[in-house]
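Trainee: The structure follows.
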Amino acid sequence: MSPNPAPSLLDRLRRGEAARDLGFLVVLLAAAAWIAVPALSGDGTTLAGTQTAAVVVAVAVAAAGLNLLSGHARLISLGQGAFFAIGAYVSAYLSVDSALHPLVAIVVALVVTAAFGGLLALCTMRLRGPAFAMVTLVVAILTERVLAEWAPLGRLSGYPNTLDHGSGLMPPIEIFGTSLEPPLFAGTEATVVVAILVVAVVALVGYRNVARSPWGRSLHAIGTSEHLAAHLGVNVFGRKVAVMALASTYGALGGVFYAQVFAHLQPESFTMLLSITMILAVILGGAGTVAGPLVGAVIIVLLQRTDVLTPLVDLQRQVSDTWYLSTPGLIGVLLVLTLAFLPQGIVGGLGELAHRLPGRAAPAAAPAAAPQAAAASATASSPAPDGDDVLLAVRGVSKSFGGIKAVQAAELVVRRGTIHAVIGPNGAGKTTVANLVTGVYGIDSGEITFDGRRIDGRRTHAIVRAGVARTFQTPLLFTHASATENVLAGFPDTGRLPLVRAWLKDPGQYRRTRELQDRAAALLELVGLGGDGHVEAGSLPYGKQRALEIARALASDPRLLILDEPAAGLNTAETAELGRLMLTLRAQGLAMVVVEHHMDLVTQVSDEVTCMESGAVLAHGTAAEVLAEPAVVEAYLGVEMEETA
Amino acid sequence: MDAVVSGIVLAGLYALVGQGLVLTFVTTRTLNFASGELLAVGGFLALGVGSWSWLPTPGKLAVVVLVGGALGAVVHRWLVLPFARGEHDSRWLLSTVGISYVLLNLFTNGEGANPQRVELTRNPGTVEVLGVGVNKQSLVIAVIAVVVTLALVAASRWTSGGVIMRAVAEDPRTVALMGISPRLVGAVAYAAATALAALAGVLWASEVGATPGLGVHVLVSAFAVAVIGGLTSFWGPLVGAVVFGVVVQVSAYELGALWGQVAGLALVIVVLVLRPEGLVGRRMEAKL
């Protein structure tokens, strides 16, 4: 590691974040200028190109929103085209038929669509499995039908139409004395394109801010494992509803752009194929990457609206003039091929390639400025001043799954700043107790208190926010993200940063990002991963993955840490290291519950031990007492019961 | 009353396709989003074999159903298995959507979008049921749906097949250790499901004519039915289809055909709020 003075390196990092944000904005502005200049020329030959570019922008914005939903949170929606259509038709209807000011109509359309998306999510997000995709498909097909058959929307004559409205075109928006003209007539400056580009740039910058913020990280967590996301303090259900509403708004905004560009809507433009086009844009570009949906939208719209596919169709028609695929079928083929050969998409695949390239050294890990101090502050939860030293109390808790009694009248009391080991043979109900404490399952009877307050019946994220963190029996990590990124997910911001602040990315967010980076580096240092910050979590050896999970759990600044078999799969040296780490953390005032089989570790670190068997508590006391108990020895070694009976 | 009876009778078509969805879902936790287009393929196959005068009608029907089944196995092998690697892999959903567009486009280019008359299994005319004139063909479909449902329920309850199906979905690795191939079970489920869709396609195309888009609205209704009834029980599609059919037909009778469909969607949403696991699905609290 180079002996760089820390401040200069931090400065560089600081500039890096802002410079990258600025770079993205510059790229967007350059693209916008490239579209706007010919549009403003009013030259008739540029009309077709301007329309295509505007459709790219509309689809890109809708696909960006869809990416947060389907790429990050992996909730596959087949209905983004429907939200696009709703945005387009509602804004048009309100400004033409209801005679609202067009800008008001647009805002109302966005709000209506967001509410509709949120409502659908409220109803479908309780289920895991394909129900969400099925319902979005039903919505897309029905929307298509309503547009084609409902008289007030003009049916197949489109909206507006000459028969009902006296004109087939929406009047242009008047703003500050200028009218925003669509790119439809030669000799007219297509001013609306400029307005669209400005709004699109703002929307896309906001999208990128969200995707790269702790809020975006929470979506990624939901996509990886809802179980994990809840344990990072994320209100999973609420966040799924929120991301659906956000994605719907972006879809509607794309539709509003579309309506403004063509000043007329035809139901044929909003078929199910539009929804498929958008999901394909996300997947082809790279689901879960920032630039992916934008790249995907450019490619797909150009494939659909230009004649690049014509040679491919002609080639087929030379073989058979009846059985061949035209654009929609080729889009279907492209979708299947992308899923099979490029599941990470273009941007994701390039990122992977860049990562693997031997020439490019991994970015040097930022040396922790002051590991000791930061580590201390990371876990500096001093014992509460009140006299009660009980932090967690599980009293008489029972839980059955179907007919199986997993836990029966379990008792577990953890005092502040102590380590309480839970031992027992496999299937004794140890992990189930951990899951009951963090609210994964509801309890059937008994009560659980944390810091004097009842926590049974509360949801996981609420319990985590109260100060409980945990690791899992099999490490649950973002295997494709760096170790630092994994620790960053552990900070409370993941569950608590409001969407608006993530979207706006105020200067406070830059400061917070730097602070979290430093604290993450310190936590990695603390668990012995100081040099591994940039390493992909999935490629770390097993022992380090376990340590990484502990670092992530510590990031939430917990008062109680539940470790579920932390020594499983560790070698002797790693186990000893783990023991030292636990003692360090205890010295800093952290209480721990450790579910463990490794008796050396248990005797080394634990203040109290509870032994469970078949869901019930068998013995409780100090390690020496419990391990001397004949019943405990029997439970482990399987001595015949008759001998003692 | 008219609307109620016709709703119940129409439910047969949705239940038949919905049964295929349940069949693949309980065994593989996946669904075929191309079921609608495969149903349309069934209609066109009927059109194709219709001219084989040497083959009696049951033989023709058998050919269509067998070819449908084979297509189902192909879809499973090439479009589902490679895209369903593990619990978090839901690419199968999009790959089957992708192939549905390939089929739709291929048949639209090859056969045109206009309905073509299918003579195989045509039952023109109406019969009286509870004093209401009911389309004979719809009644035939409804009877077949009930027979198929009873057969599946019986098979899952009284044969080892039922246990195998549930076990494959819950723990494919253990099932594999017991000497049963989860892939084979999945392929059989897809074959059976697609054979049902092809059968529904023949029967429905005989009524309304074969078109490439024949299946789109049937699949949407079958999805609604499967969500309403629940994807985990063979009773689900039948129960869901009757409720859905009646609600759609009654609202269509009162408000027009378009709003009948929208009322169907509203029903789906209401059921999801009140009973997310479906009317007859089982609520499961799984131990992680």
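Glycine residues also receive a Cβ, built from the backbone N, Cα and C atoms like all the rest.
Marked as domain 'ABC transporter' by TrEMBL: A:392-639. Residues or ranges marked as transmembrane segment by TrEMBL: A:22-41, A:47-68, A:75-94, A:100-122, A:129-148, A:184-207, A:241-261, A:273-303, A:323-342.
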Trainee: Quick check: do the transmembrane segment (A:47-68) and the transmembrane segment (A:129-148) share at least 3 Cβ pairs under 8 Å, counting only pairs 6+ apart in sequence?
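Mentor: They do not touch: fewer than three Cβ pairs between the two stretches lie under 8 Å.
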Trainee: What same-chain residues lie close to the transmembrane segment (A:129-148): Cβ under 8 Å, and 6 or more beyond its ends?
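Mentor: Same-chain contacts beyond the ends: 75-79, 81-82, 85-86, 89, 120, 123, 155-156, 267, 270-272, 275.
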Trainee: Residues sitting near the transmembrane segment (A:22-41): Cβ under 8 Å, six or more positions beyond its termini, same chain?
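Mentor: Hits for the transmembrane segment (A:22-41): 49-50, 53-54, 57, 183, 189-191, 193-194, 197-198, 200-201, 204-205, 208.
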Trainee: Within the same chain, where does the transmembrane segment (A:100-122) have neighbours whose Cβ lies under 8 angstroms from its own Cβ atoms, ignoring anything closer than 6 residues to its ends? I mean 6 or more beyond.
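Mentor: Here the qualifying positions are 83, 86-87, 90-94, 135-136, 139, 170, 173, 175, 240-242, 244-249, 251-253, 255-256.
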Trainee: Look over the recorded stretches A:75-94, A:184-207, A:323-342 and say which has the most C-beta pairs under 8 A to the transmembrane segment (A:241-261).
Mentor: A:75-94
Trainee: With Cβ-Cβ distances below 8 Å as the criterion, list the same-chain residues six or more beyond the ends of the transmembrane segment (A:75-94) that contact it, or say none.
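Mentor: Apart from its flanks, the transmembrane segment (A:75-94) reaches 58, 62-63, 65-66, 69, 100, 102, 104-106, 108-110, 112-113, 116-117, 125, 132-133, 135-137, 139-140, 143-144, 147, 152-153, 159-160, 170, 222-223, 240, 243-244, 247-248, 251-256, 258-259, 265, 270-279.
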Trainee: Give me the mean pLDDT over the domain 'ABC transporter' (A:392-639), rounded to a whole number.
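Mentor: Averaged over the domain 'ABC transporter' (A:392-639), per-residue pLDDT gives 92.
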